[in-house]
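Visitor: Feature annotation from Swiss-Prot assigns ATP binding site to Gly113, Thr114, Asn115, Gly116, Lys117, Ser118, Thr119.
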Amino acid sequence: MSYNYFGKKILILGLGLTGISCINFFLKKGIQPRVIDESNKPIFLNKIPKNIEYKLGNLKENWILESDLIIISPGISSFKPILMKARSLGIDIISDIELFSRETKCPIISITGTNGKSTVATMVKKIAEKSGYKVLLGGNIGFPVLEMLNKKASLYVLELSSFQLETTFNLKSKIAVVLNITEDHLDRYPEGFEQYKKTKLSIYNKAKICLIKLKKGEKKPFNTKSKKYISFGTCNNNDYYINYEKEKAILFHKNKKIVDTSNILLNGHHNYENILTSLAISDQMKFDQKVSINVLKKFLGLPHRFQTVHINNNISWINDSKSTNVDSTKAALKNLKIKGTIWLLLGGDGKSSNFNILKKYFEKIKIKIYCFGKDGLNLSKLCKKKSIYTKTLKQAIILISKKIQPGDVVLLSPGCSSKDQFSNFEERGNLFIKLSKEIN
């Protein structure tokens, strides 16, 4: 289908990297959009061409309601009342991913999930490159997708958040996968978890091959002319699954052993699931499985994902700043099997999530919990006997440094967004790394 944007009133919401890429996209087509950013001082304001009309501060209602097409940045909720009103009037509200999907015919692998998206997307990119593809990685990681249209590629790998999928309707992926869905971003969705889940699952709508995760006893849908289903997961009712033999994880494909994880550099069940999914994707792309396995054996993981950043006096400092939801913190705690004390740094913006699931882990293990940030005080009430509240991450680390002993682990796995006190999770993780080395 061909889309004609000429003669339409086009409005771009948001002046981050996504918004700037949207401006450039339309300017190359000879179209001048309008732009609104809710901030009075957006960081990319100096990148707006002089002839572009823009407004800063609150969303300008008359600009929104007189538009024919609105492109919304992922940081702006599509459930704002003014945008819901615009939608009810028949105004199209779409993402940059939707614009991108209308323009390209190159094969796309799309990956979403609450946790593990970046890791799996990066694994698949590395495997595809070793298999001879010219690969571009974008979406929620790497390039803004519209910038990728200007570069040569034989395959796109997209990491997609629920925010991006909210307003994406025509993404025709060769392969689409939802890694997992657990509570996150509930402050964004008026109807709660089910709405968040539905948004994630929409990635399958126009995909050719759907990789789905089955729980015990579940069955995958029947293949149709337009869709093929491949399953993965922990249970052996999946096409790809994990089995433990003497506490060692073995990866299987249809009852055939394909990977012994004792030969893999990454540890932890969540990482074994990421590896399994990457193999399933690679097999569906018909990459040489030996090449895929060799890449995965050498993969060291991504920064800020359960990364040991400092060891001194037999005290380990683990940076898991990318842990921005409850489930990722739970996975980090399950990974740690030590005789010493775990000093957990937990806190930030909890995004209305339910943290009660962590209680049983706190009660079973030798742990001290230092809660900080916007929701730190409430988090400290989860397990009062083992918790201390501080305003900032730095204050918590200073207190911990006076008490840690050889054999202990200091774990930054906040389970929360960093936006209350930091620009992003990277800034939070980098502060942790800096302080771990200074204090020791």
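Every residue gets a Cβ built from N, Cα and C, even glycine.
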Visitor: Taking the Cβ of Thr114 (ATP binding site) as centre, how many other Cβ atoms lie within 10 Å?
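Guide: A count of 23.
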Visitor: Do you know which of the binding-site residues Ser118, Thr119 has the most other C-beta atoms within 10 angstroms of its C-beta?
Guide: Thr119
Visitor: Under 8 Å between C-beta atoms and at least six apart in sequence, can you list the same-chain neighbours of Lys117 (ATP binding site), or say none if there are none?
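Guide: In sequence order, the residues whose Cβ lies under 8 Å from that of Lys117 (ATP binding site) (at least 6 apart) are Ile111, Asn140, Ile141, Glu159, Leu160, Ser161, Leu179.
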Visitor: Give me the sequence-ordered set of same-chain residues, not including Gly113, Thr114, Asn115, Gly116, Lys117, Ser118, Thr119, with a C-beta within 8 angstroms of the centroid of the ATP site's C-beta atoms.
Guide: Ile111, Val120, Leu179, Asn180, Asn274
Visitor: Going by DSSP, is Lys117 (ATP binding site) part of a helix, a strand, or coil?
Guide: helix
